[in-house]
Amino acid sequence: MTPLDKGLDKARVLIEALPYIQKFAGKTVVIKYGGHAMLEQDLKEKVMLDILLLHSVGIRPVVVHGGGPEINSMLTRVGKESHFVRGLRVTDKETMEIASMVLVGKLNTEIISLLNRFGGRAVGLSGKDAQLLQAVKKPMQFQNSQGELEDVDLGFVGEIEQIRPEIVTSLVEQGYIPVISPVAGGEDGESYNINADTAAGEIAKALKADKFLLLTDVPGVLRDVEDKDSLLSVIKEDEISGLIDLGVISGGMIPKVECARAALQGGVGSVHILDGRIPHAILLELFTDGGIGTMFNA
């Protein structure tokens, strides 16, 4: 390929992206950043560059990050065993302190530092700042072997009771990129660990985001999990229940899809589940005709 051919290819990419850039300019895009894309340095940098490009063309990105593997690693280092019930971490006082340290003190700082190093204007927040996320203790029951319901104490695991997005809106309007860790405050003065997908979805709803992106370690929703070419590129909200009944949406994908459905019902324009292991996944999903993940819309 000659230098001219390479240049023409780059020009075609830009021309393909142009209508999407024009369409999304001024719109809010909430990005749930998690999975493998948080662990590999090269992928981290590509995600940050994608976010900065969105910001540079007039799109308003808001980042909400997870950190489960890093929390597990820190708990292992201090000799504390992790326990989960239905995918939710049982969080005692010490575990909550460690989770907060990792999410707010380490990961949030690393993300904003990387964004700013590449020329961005990122500001780190936790859900406790300006009472962004107010939570209550999450009640939970499960069925025991006798078929009876038993209460389970998850400790300092919360569910969002109220959200005050004004601080995020203010930062976005001033040209900043908010980066939010999913630690919420309660009226009891305690800190609560919030599922990052849930926190991101609630923030997307409160901001009436045009798009909500979930970076995961899977390509999206596959009609056949054994066939990577069976990706469902678009799913309508009213098709979700049927796909769950058929088993097309199953296992760990169900809570992510339910999060997508709740976001749509809360006024979010569209929700995208995409593979964060693919370099520049965000740009490929938003700025190409075919996209690379599964888009949910009404």
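Using the three backbone atoms N, Cα and C, a Cβ is placed for every residue, glycine included.
If you check Swiss-Prot, you get these features:
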type: SITE; residues: LYS32; note: site 'Transition state stabilizer'
type: BINDING; residues: GLY67, GLY68, ARG89, ASN193; note: substrate binding site
type: SITE; residues: LYS256; note: site 'Transition state stabilizer'
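In sequence order, GLY66, ILE71, THR91, ALA99, LEU103, PRO182, ASN195, ALA196 are the residues of the same chain, not among GLY67, GLY68, ARG89, ASN193, whose CB sits within 8 A of the CB centroid for the substrate site. The C-beta environment of LYS32 (site 'Transition state stabilizer'), restricted to residues of the same chain at least 6 apart in sequence and closer than 8 Å, consists of VAL64, HIS65, GLY66, ALA196, ASP197, ALA200, GLY201, PHE212, LEU213, LEU214, LEU215. Reduced to three states, the DSSP call for GLY67 (substrate binding site) is coil. DSSP classifies LYS32 (site 'Transition state stabilizer') as strand under the three-state reduction. ARG89 (substrate binding site) sits 17 Å from LYS256 (site 'Transition state stabilizer'), taking the Cα positions as reference. The 10 Å shell around the Cβ of ARG89 (substrate binding site) contains 21 further Cβ atoms across the protein chains shown. Packing around ASN193 (substrate binding site) is summarised by its Cβ count: 26 other Cβ atoms lie within 10 angstroms of its Cβ, all protein chains included.
Of all residue pairs in GLY67, GLY68, ARG89, ASN193, the annotated binders of substrate, the farthest apart have Cα atoms separated by 12 Å. Using a 10 Å radius centred on the Cβ of GLY67 (substrate binding site) and all shown protein chains, the other Cβ atoms total 22.
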